[in-house]
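Q: Dropping the structure in here first, questions after.
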Amino acid sequence: MEIDILSLFPDYFASPLQATILGRAIKQGALSVRSRDIREFGLGKWKQVDDSPYNGEGMLLMAEPVVQAIRSIRRKKSKVIYLSPQGQLLSAKKSRELASCSHLVLLCGHYEGIDERALTAEVDEEISIGDYVLTNGCAAALVLVDALARFIPGVLGNQESAEYDSLENGLLEGPQYTRPRVFEGESVPEVLLCGDHQKIADWRKQVSLERTRERRPDLYLQYFYGNSACLSTQEDLPRIEVVSPKTFSVVLEVQDLRKAKKFYSRMFGKECWDGDKLFLLGKTSLYLQQTKETRGPTTVFIELETDHDFVRFLKRWEMLGGELGEQGTGGFPLRQVFDLDGHIWVVSCVQK
């Protein structure tokens, strides 16, 4: 695999690419990484690459030097990636996908960013390594190279290790142990010494689930959502219990009463209805009111009893034609969803 990195600081990459596993992979020919200076394509006598933006402060990389730099190395099957906090969040899945590319061009951002016209003309995808801003994109480019290199055959001494690392299967990796068998009174778990590979695999899976649930509940719920069995009929699903210590009533304006009632009947159960009034729990109720023009979306907040209810709710909502919105941040099980009329439901799960 070949990777070209475009930045204003090509020497930034020298040490990391000469040492550690990446350096060994490059020496062995499993990976080729080159860094080029965008200033080589600067304008005029002074090789200008930046200028002040029309609508803000600071400086921007100009479109022409960036476009020329990309086109000088781009090939027919190249994929150009811009490292940006606005891009798709880098994941193990995305790293594996990029590792299958024959040639990547990584564009590093500098200053306040890059002229949008250069991105529109040449960039295939934007990728972020996290919800924070760096002084430049060089560190992000190194993170991306390191993450995807692990999936290139020949880079790791033992390719199987990449398959068991944290996040590769959507879960955090469980605890690991080496000699001695007992350290400061704490022993290695007996199951790891039994020699039964199936028991060891089952144990690893269980502790991986427990650790993910404890430390990254967002990943835990995402894992169950993605791996839950395909549901053929809504009648096969048990009722989802809504937690509501307080009494409240909500009126939802809908354009098609029959269609909306069918949607919510399948979501919460036909037995919950009394005319056009839906009882979510106890005295908590939802009224549907048909109108030609709605006054805008209503926001409904509900809390579910268990993680599995949370996952089932999202799966059922999507299957019935509802739209899934943004996932909550900070690892808290929270999701915004939209019904058929655009009303907003903020769904969360009881924290135990």
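For all residues, glycine too, the Cβ spot is worked out from N, Cα and C.
Features from Swiss-Prot:
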type	residues	note
BINDING	Gly109, Ile129, Gly130, Asp131, Tyr132, Val133, Leu134	S-adenosyl-L-methionine binding site
Q: Residues with Cβ closer than 8 Å to the Cβ of Val133 (S-adenosyl-L-methionine binding site), same chain and 6+ apart in sequence?
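A: Expected: Pro85.
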Q: Report, as a single number, how many Cβ atoms besides its own are within 10 Å of the Cβ of Gly109 (S-adenosyl-L-methionine binding site).
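A: Other Cβ atoms found within 10 Å: 26.
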Q: Among Ile129, Leu134, all listed as binding-site residues, which has the most CB atoms within 10 Å of its CB?
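A: Of the binding-site residues Ile129, Leu134, the most buried by Cβ count within 10 Å is Ile129.
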Q: Inside 8 A of the center formed by the CB atoms of Gly109, Ile129, Gly130, Asp131, Tyr132, Val133, Leu134, which other residues of the chain have their CB, for the recorded S-adenosyl-L-methionine site?
A: Pro85, Ser128, Ala140
Q: Using all protein chains in view, find how many other C-beta atoms are within 10 Å of the C-beta of Tyr132 (S-adenosyl-L-methionine binding site).
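A: So the Cβ neighbour count for Tyr132 (S-adenosyl-L-methionine binding site) comes to 7.
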Q: Mind computing the max CA-CA distance among Gly109, Ile129, Gly130, Asp131, Tyr132, Val133, Leu134, which the record assigns to S-adenosyl-L-methionine binding, rounded to whole Å?
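A: Farthest Cα pair among residues binding S-adenosyl-L-methionine: 15 Å.
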Q: So which of the binding-site residues is most packed in, judged by how many other Cβ atoms lie within 10 Å of its Cβ, out of Gly130, Asp131?
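A: Answer returned by the neighbour count: Gly130.
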Q: On the three-state reduction of DSSP, what should I expect for Leu134 (S-adenosyl-L-methionine binding site)?
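A: Reduced to three states, the DSSP call for Leu134 (S-adenosyl-L-methionine binding site) is coil.
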